[in-house]
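Marked as transmembrane segment by Swiss-Prot: 16-36, 37-57, 88-108, 111-131, 138-158, 162-182, 210-230, 236-256, 265-285.
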Amino acid sequence: MTSKAMLYFSYTKPKVWSLLVFVGAIGAVIAIPYFNLHYISLIVLATIAVMLGSMGAEATTNYIDKDIDAVMSRTMKRPLVTGQIKPINGLLFGLVLMFLSIAILAAFGKLYAALFMGIGLFDNVFIYSYLTKRRTPWNIILGGFSGGFPVVIGWYTVTSKFSILPWFLFLLVVVWIPIHVWSLAYRYRDDYNRAHVPMMTSIHNDRISAICISSAAIILFAFSIIPAFFRVMPMVYMILASAIAVPMIFYSIVFVRHPDRKNSLKLFIYSSPYLAIIFVLVLIFRFL
């Protein structure tokens, strides 16, 4: 891969969208009744579409946020800020990728998946980044729905049959996003204050922020075991999911008792693998 291609690839923030592509692929796999070449090709289609959409959304929001990125220490080295990529080129790159993500699904007749892709992109780019990020601390709640759509897109790329399972997973990701974003935002609250972005952690004191973040962690745990109560996952899944949640709940309690950046970072670091592990458990028990 050339240095220019690598630059544009890094511009899409692969560390951000890689987990979304993962849950999108899981959403496709759990929808198949058995493995054959046809279903494998649909899994690949879903994965490519989610990757294109996620890359496009991140590239476009980079354009929208370029003035914010310029004053935040965590983001001031991004390509639009440093001038490595011209703003118009960055915007067009993002728009083309988003268009391709919808077009490729529509071209293969996956209209439900294309519709959900469009809704997810609209929520991420317009509702979150353009409309609410600079105006309300509810920004990540209103814009968090976009993070749940990859699993639904994966499911409806494979089948048009309704199931409650992908929507449970959709809600799980939506609930996961606040704890993941807020625990990181707490660490960089000075950056958000400097950029005048009203994140929940930048407008409330340490204790309230810690309570909100830790409450989100408890809600995430509750949502992760709900599928067992609706009999779409076995009880052994609930037991394992509960065991995996113990460190997260522990870190949440510690964070409330001692709200500081060190403890918020511990919660942030654990939240990413937690979601991935839950999805792996769902995948395993789907086929057992």
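Heads up, the Cβ atoms here are built off N, Cα and C, so glycines get one too.
Long-range Cβ contacts of the transmembrane segment (16-36) within its own chain (Cβ-Cβ under 8 Å, at least 6 residues beyond either end) map to 42-43, 46-47, 49-51, 54-55, 57-58, 147, 150-159, 163, 165-166, 169, 173, 272, 275-276, 279-280, 282-283, 286.
Below 8 A, the CB atoms of the transmembrane segment (162-182) and the transmembrane segment (37-57) form no more than two pairs separated by six or more positions in the chain, fewer than 3 in all. Scored by C-beta pairs under 8 angstroms, the transmembrane segment (236-256) has its highest count with 210-230, from the stretches 37-57, 88-108, 111-131, 138-158, 210-230. Distant neighbours of the transmembrane segment (265-285): 19, 22-23, 26, 29-30, 165, 169, 172-173, 176, 179-180, 183-184, 187, 213-214, 217, 220, 224, 227, 233-234, 236-237, 240-241, 244-245, 247-248, 251-252, 254-255; these residues of the same chain sit at least 6 beyond its ends, with a Cβ under 8 Å from one of its Cβ atoms. Counting same-chain residues at least six beyond the ends of the transmembrane segment (111-131), those with a Cβ under 8 angstroms from any Cβ of the stretch are 46, 49-50, 53, 56-57, 60-61, 64-65, 98, 101-103, 105, 139-140, 142-150, 152-154, 156-157, 160.
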